[in-house]
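**Student:** The [4Fe-4S] cluster binding site annotation in Swiss-Prot covers 66, 70, 73. Positions annotated as [2Fe-2S] cluster binding site by Swiss-Prot, on the basis of sequence analysis: 110, 143, 203, 273. Look at Swiss-Prot and you will find 51-275 tagged as domain 'Radical SAM core', backed by sequence analysis.
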């Protein structure tokens, strides 16, 4: 294995971190080199995570009507996207929604609410939900995503049983003001630091396709490495109608795979999660992306529908991976026979052919 990307993997496995120049080389690799990039990044993935895939499940506790003006977001101030809008779910409804995801194979549930950040009453609501969740499902990991944190709130969440806190930096600091003006990049970093200071595992990632340059994608990833993010969700812009980014299509499936591979090279021992937008941007390369990423969201997202959960589990199994924490049970569930479909169209019939 003398290809440059395998040499880079060798160096990283030996303890030499990737440089920004290395990251740019991965991102700018020719499409003809894609499988070499994937194979090299896959060595890092398997060295740290074996053949497991961590499955996460989102529960949108409060949807829409956010006062922040993030240009990419269907829930943001000024968005006309025709999404579901509702106030806080009840504790019982939260338990019901969480149970569905856990039965589907998720080991981590992500409790998300729209808004700038939680009030004291909001923290009260969420901590009550988390205590009930932990009692009902003792082994579940809980990640909260409630916006910008105030002093002491991370500790309250930790004390209630929250394991991690998600707050994405979304893009490079040099691109931040182009996508949101109601809070600063420093505000986002401060919340990640507050989460860490409160004993929560930091979960912070990015969104690709926001008009950023290659250099800004690299800048964002190295910022996440510097922040010490344990879990890095890599989202791909979903250009909702009614938002400033509607009709924005800057990504190809091969570029998305390279972005994920770049994340693996830069942060080899961190959870790299294929997050929002994977279905519309990776398309038929979703399974290839699993060779470098080790985590996915199951089912639907906050305001958009995702791939069928059964298809997600089949994709994991078909690629030789197992769901973290549910290796045996889910492997058997996914092994349902598929009978051949008898042709009833095209030649020899009056039915339009499949062409």
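Every residue, even glycine, has its Cβ placed from backbone N, Cα and C.
Tell me about the surroundings of these features in the structure.
**Tutor:** According to its DSSP assignment, residue 70 ([4Fe-4S] cluster binding site) is coil.
In this view, residue 273 ([2Fe-2S] cluster binding site) is surrounded by 25 other Cβ atoms within 10 Å of its Cβ, with every protein chain counted.
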**Student:** Non-local Cβ contacts of residue 73 ([4Fe-4S] cluster binding site) (under 8 Å, 6 or more apart, same chain)?
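**Tutor:** Listed in sequence order, they are 66, 79, 243.
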**Student:** What same-chain residues, at least 6 away in sequence, bring their CB to under 8 Å of the CB of residue 143 ([2Fe-2S] cluster binding site)?
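**Tutor:** Looking at Cβ-Cβ distances below 8 Å from residue 143 ([2Fe-2S] cluster binding site), excluding near sequence neighbours, one finds 56, 108, 109, 110, 111, 162, 163, 164, 165, 166, 201, 203, 231.
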**Student:** Most Cβ neighbours within 10 Å: which of the binding-site residues 66, 70, 110, 203 is it?
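**Tutor:** By the 10 Å Cβ neighbour count, 203 comes out on top.
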**Student:** Measuring Cα to Cα, how many angstrom lie between residue 70 ([4Fe-4S] cluster binding site) and residue 273 ([2Fe-2S] cluster binding site)?
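**Tutor:** With the alpha carbons as reference points, the distance is 22 Å.
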**Student:** What mean pLDDT score does the domain 'Radical SAM core' (51-275) have in the model?
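**Tutor:** Averaged over the domain 'Radical SAM core' (51-275), per-residue pLDDT gives 96.
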